[in-house]
Amino acid sequence: MSVAPDRVCVVVGRTRHKMVQAEIQEAFKRGAAFIELRLDFLARAVDFKRLAPLKQCAWLASIRRPQDGGRWPGKEDDRQMILRQAIISGAFEWIDLETDVANTIRRYGTVKRIISYHNMTETPADLDQIYERMLAQDADVIKIAVMAQHPRDNERVLELQRRATKPTIAFCMGEIGFPTRFLSLKYGAPWIYAAFNKERGVAPGLPAVEDFKTTYPVRSINADTKVFGLLGDPVSHSFGPVLHNHTLGRLKQNAIYLPFRVPKGQLEEAVKAFERVPVSGYSVTIPHKEAAAALAKEAEPNVQLCGAANTLIRRDDGTFFAANTDFTASFESIVEHLKARAEGGIVDFNSVFVLVLGAGGAARAVAHGLHKAGAHVTIAARTQERAAKLAAEIECKVVDWHARHNVLPCEVLVNCTPVGMHPNTDESPIHVSFLRPGLTVFDTVYTPENTKLINEARSRGCDLITGVDMFVRQAAEQVKLFTGQTPNVDKMREILRKAMSPLTRALDDETDDADAAADE
Ligand code: NAP
C-alpha cells in the first residue's frame with residue numbers, strides 16, 4: 001500500500017501569511033491533495049492559528065536552512081522549536097526533518113516523518129553511505145535531493161532509488177537532473193514535488209504543478225512506463241515535451257517524454273547514464289545532431305547524407321538506430337505545398353529553383369532532399385566556407401551571403417538560419433524587396449510561427465510554409481518510429497499552436513478528452 005496521500009506534493013512558499021492562505025486555497029481548488037508548507041519562506045513568525053482553519057487536505061511542514069536551499073534566517077534552536085510546534089499543532093500529517101537533526105526531534109502521535117538530505121552544489125561521492133545512515137533513522141519516507149552537475153549524477157541517484165528498501169524519493173535538482181524527478185516515480189518514489197507557483201524560485205528545477213496538467217502525465221507513471229526524451233542544450237523552452245506527451249497520450253501509450261539537458265560534448269555519457277532506464281527513443285536537437293549520427297550503430301541513408309541525426313531509437317541489444325526526420329519533414333512540407341499548386345498535382349522539380357539560407361543542420365536536410373528530388377539549389381550562408389562545403393557535397397550553386405538578394409530565378413526561398421527566432425523577432429534574413437507574389441517562402445523557424453519574414457511575405461502575396469508545419473511533421477515521424485503507431489498530424493498541429501499561444505498555454509483537459517474520444 002502506498003504511504004503517500006497523493007502522487008503529487010504541491011509546495012507552497014510565500015513570505016506573507018495572506019499569500020500562503022490564498023495559495024493553499026487555490027491549490028486545493030485545483031485538486032491538490034497533499035501540500036508542503038515551506039515555513040522558511042515566511043518573513044514573520046509562523047502563526048499556525050491563521051493557517052490551520054484552511055486545512056482541507058494532508059499537509060507537510062518544512063523549514064529549510066540556507067545550506068538546504070531554504071530561507072530560514074534565524075537560529076537553529078528556534079527553527080527546531082518551530083518544527084516541534086508544527087508537529088504538535090495538529091495541522092500537519094507530515095514533517096520534514098533534515099538527516100542531521102532528525103534524531104534530536106522525537107516521533108510524536110501520528111505525524112509521519114520525512115528524513116531528508118539536500119545538497120545544493122553536487123551529488124556527493126559518499127551519497128550511498130549517507131543513504132545507509134538515513135536508513136537507520138526513524139523515517140517513514142527518506143528524501144534525497146542533490147544537485148546534478150553531470151548526466152552521470154543522474155545515474156547514481158536513480159540507482160539508489162531503484163534499490164531503495166524503505167519508501168524513498170531520490171532525485172537530482174537543477175536542469176540536468178530534471179528527468180530524475182519523474183523517473184524516481186517509475187522506480188517507486190511515493191510522490192513527486194511540484195511548485196504551486198514556479199515564479200517563487202522554491203527549488204532549482206522544480207516543475208510547476210501546472211506543468212503536470214499541460215505537459216507531463218505524472219499520475220500514470222509506473223514501473224512499465226516507457227521513457228522517451230529530448231537530448232539538447234538548451235531544452236527547457238522546447239515545445240517537444242508538450243507535443244509528444246499529448247500525442248503519446250492520445251495513442252494510449254503508457255509513456256512519458258522528458259527533456260534531458262545535456263551539455264555539448266557529453267552526449268555519449270548521457271545516453272550511457274540513462275541506459276538502465278532504459279530510454280526507448282530520443283529526439284535530438286542543438287548541439288548534438290552530428291554526435292547522435294556518430295553514436296548510432298545503424299542509420300537510415302538520410303543520416304549519412306546529412307551527417308546529422310535528430311532521432312535515436314533504442315534497439316533490444318542496447319544499440320541505437322539513427323534517423324533524420326527533419327529531412328523527410330522539410331521535404332514533405334515543400335512537396336505537399338507545391339503539389340497543391342501544381343497542375344494535376346504533379347511537381348516537376350527540374351524546373352524548381354530554390355534559395356537556401358544557412359548551411360547548418362536544417363539547411364543540410366533541406367538542400368540534400370530538394371537536390372535529390374531534382375531541384376536547382378543555391379546556398380547562401382553567413383560563413384562562406386560552410387556554404388561552400390555543403391554546395392560542393394551536393395554539387396549545387398553557392399553565392400556570397402551579401403549577394404543573396406541577386407539570386408534569380410527563385411521559386412522557393414527557405415530560411416534555415418535562426419534569424420527572426422524569439423527573442424529577435426524584429427529580424428528577417430532577407431530584404432522585403434526580394435519577396436514577390438508567387439514566390440514560396442518557407443521559414444523553418446517556428447518560435448514564433450509568424451516571423452517577420454512570414455509576415456512580410458504574406459503582405460507581399462507570397463505562398464507560405466511555416467516552421468510549425470515542419471516541426472509537427474518531424475515530431476509525427478518520430479512518434480511513428482517510437483511507437484509504430486501513426487499519429488493524427490492535424491491534431492498535433494493544433495496541440496502545438498495551442499501550447500505556443502501564451503493565452504491558451506494551459507491545455508484544457510476536458511476539451512482534449514472530448515477530442516480524444518471523437519478521434520477513436
Ligand atoms: P545550425 O546548425 O546552428 O545552423 C545555423 C545556420 O544559420 C548556420 O549556417 C549559421 O551560420 C546561420 N546563422 C546563424 N545565425 C545567423 C545570423 N545571425 N545571420 C545569418 N546566418 C546565421 O542550426 P540548425 O540546426 O540548422 O537550425 C537552424 C534553424 O532552423 C533553427 O534556428 C530552427 O529555428 C530551425 N529548425 C526548425 C526545425 C523545425 O522543425 N521547424 C527543425 C530544425 C531546425 P554560421 O555557420 O555562420 O553560424
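Each Cβ is built from the backbone N, Cα and C atoms, and glycine gets one as well.
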(message) With THR285, ASN310, ASP326, TYR446 listed by TrEMBL as shikimate-binding, which of these, GLN253, GLN474, GLN485, is given for the same site?
(response) GLN474
(request) Quick one: which of THR444, THR483, THR486 does TrEMBL put in the NADP(+) site with GLY358, ALA359, GLY360, GLY361, ALA362, GLY467? (result) THR444
(message) Taking DSSP as the reference, which of helix, strand or coil describes THR444 (NADP(+) binding site)?
(response) coil
(message) DSSP-wise, what's the residue breakdown of the domain 'SDH C-terminal' (467-497) into helix, strand and coil?
(response) 26 helix, 0 strand, 5 coil
(message) Within the same chain, where does the domain 'SDH C-terminal' (467-497) have neighbours whose Cβ lies under 8 angstroms from its own Cβ atoms, ignoring anything closer than 6 residues to its ends? I mean 6 or more beyond.
(response) 228, 239-240, 242-244, 246-248, 250-251, 253, 255, 280-281, 283, 310-311, 313, 323, 325-326, 328-330, 332-333, 442-447, 449, 451, 507, 515, 519
(message) Quick check: in three-state DSSP terms, what is GLY361 (NADP(+) binding site)?
(response) helix
(request) Using DSSP, tally how many residues of the domain 'Shikimate dehydrogenase substrate binding N-terminal' (230-312) sit in helix, strand and coil. (result) 31 helix, 20 strand, 32 coil
(message) Just to be sure I understand the contacts, which binding-site residues have a Cβ under 6 angstroms from any atom of ligand 1? Candidates are THR285, ASN310, ASP326, GLY467.
(response) ASP326, GLY467
